[in-house]
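Taken from Swiss-Prot as is:
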DISULFID  37-85  disulfide bond
DISULFID  60-81  disulfide bond
DOMAIN    37-85  domain 'BPTI/Kunitz inhibitor'
SIGNAL    1-27  signal peptide
SITE      39  site 'May bind Kv1'
C-alpha cells in the first residue's frame, strides 16, 4: 500500500511539473527576468476570498485569490492590471 501511494504521489508531481514548468519558461525574458503579465493566474494556497485581477494575455480578468501563494500576476484593481500589462 505504501509503494502505491508513493508512486501515485510521484506521478502527480510529474504531471504538475509538466504543466507548470512550460508556462513559467514562456514567461521568461531573454535576460532571465520573468514577465509577470505572462504568468498564469494563481489562486494561491489559502481559503480566503479576495477578488483580484490578472492579465490573461489580452485583457485583465477578475479571479478569486486565496490570500497566500500564487504568483505576481495579481493586481488589486483592473486599472492597476491594465497599467502594468496592457500594451499601447
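Backbone N, Cα and C atoms are what each Cβ position is placed from, and that goes for glycine too.
Confidence over the domain 'BPTI/Kunitz inhibitor' (37-85), given as mean pLDDT on the 0 to 100 scale, stands at 94. Counting only same-chain residues at least 6 apart in sequence, those with a Cβ under 8 Å from the Cβ of residue 37 (disulfide bond) are 55, 73, 84, 85. Broken down by DSSP into helix, strand and coil, the domain 'BPTI/Kunitz inhibitor' (37-85) contains 10 helix, 13 strand, 26 coil. Between the listed recorded positions, namely 39, 81, the fewest other CB atoms within 10 angstroms of a CB are found at 39. Of the recorded residues, residue 39 (site 'May bind Kv1') and residue 60 (disulfide bond) place their C-alpha atoms 13 Å from one another.
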